[in-house]
Each structure stands twice: as C-alpha cells, then as structure tokens.
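Engineer: According to TrEMBL, the protein carries these features:
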REGION    1-25  region 'Disordered'
SIGNAL    1-45  signal peptide
COMPBIAS  10-21  compositional bias 'Low complexity'
DOMAIN    35-174  domain 'CcmH/CycL/Ccl2/NrfF N-terminal'
TRANSMEM  130-149  transmembrane segment
Amino acid sequence: MNADRAFSLRPGLRAAPSRRSSPARHRARAWATALALTLAFGAQAANEAPAAAPDPALEARVQAFTRDLRCLVCQNESLADSRAPLARDLRREVRELFLAGRSEAQVRQFLVSRYGDFVLYDPPLKASTALLWTGPGLLLAAALGGLLWRLRRHARHAEPPLGQTDAAEARALLADEAAPRVDCRHREGQP
C-alpha cells in the first residue's frame, strides 16, 4: 500500500520525512540528556556544601572533634566525613555547643547521653561493652584451642604403618599405573 502512495504523489511534492530517528537525532538526545543530568547533579552537589564556623580555628576544632564520632546513619563513617542530613545537623549542634563555651568533654557527654556509647568510635570499657572489647580475643583463643585439640586428637589416632605385604601390593599398583597404556579403542580406518 505504501508503494502505491509513493508513486501517486504529484510531481514536485516530496514524501513526508520518516518518523524513525536518525543516528544524529539519537546523539543529540543523548547529549541533551547528559547535559540535563550534569546540571541537575551539579546543582544538588552545590547545595550540600558544609556549613563552616566564622572562625577557622573553631571549624578546625569541630572537624578534629567530629572525626572521633560515628555517624549514626552511615555507621562506618565518622561524623566529619558523612554527608547524611543527620550528620550535618550534629556537626552544626557541636559547632553551636563549642560557640556556647562548652568543653570537648561536656559536648561528648551531651552526645553520649543523647545517642549512647554507639556515637563514640572508641567506647569506654563498661560491663555493657565488655563483650565488645573481649569478644575478638575470646574468639581467637577458642579457635586456637579447637585447632590444638584437633591436632592432638589426630596425632593420637594416626594410622599404623603398612605391613610388608600391603606395601608390596601398593608398590605393584603404583608401578602398574606408571606403565604406558595402549589405547584399545576403535581407531580410524579399522573395523
């Protein structure tokens, strides 16, 4: 049917351009999409710039102090390195407490009373954290004790040496396996 339409056009009229996308159109769309994404993510990154204290010495003190604190959201990052919104709020709160004249010990105690010992990368040794501190050593001691027990048990139950007849049989079997073997399978050209 399309072939009939192509020939029925009057002279001087051209057929409508194809609705299919050309490679140039695909490239243009790809570049436009990449540009839009770059601008969107660039704007987002610009919004997340860390707030700084007006005093550079205070900002250095806040950064050093928050490196020893754990981000409550990320849990494997320090509060200074985390980009989580809660971490930003906690850094701002620490900055405000330092501006109010609180000492590092007072700020640390405030954070521990609010969030528990988990906020500290180096929690103190207490009855509640004793297993945390002694657990790795206990596990290592248990593993070494189990290994030592297994080795001693294995040494006690060692197999007796082979008798002369068994040793001769084993040598014969090994010598038989070392001898070259002849391939008896069907070969090409033979029945």
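Quick reminder: no glycine exception, Cβ is built from N, Cα and C everywhere.
Curation does not apply to TrEMBL; its annotations are automatic.
Keep in mind that what you see is a predicted model, and the values were worked out from it rather than measured.
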Engineer: Below 8 angstroms Cβ to Cβ, which residues of this chain, lying six or more residues outside the transmembrane segment (130-149), approach it?
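Structural biologist: For the transmembrane segment (130-149), the nonlocal Cβ contacts are 123.
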Engineer: Work out, from DSSP, the number of helix, strand and coil residues along the domain 'CcmH/CycL/Ccl2/NrfF N-terminal' (35-174).
Structural biologist: 92 helix, 4 strand, 44 coil
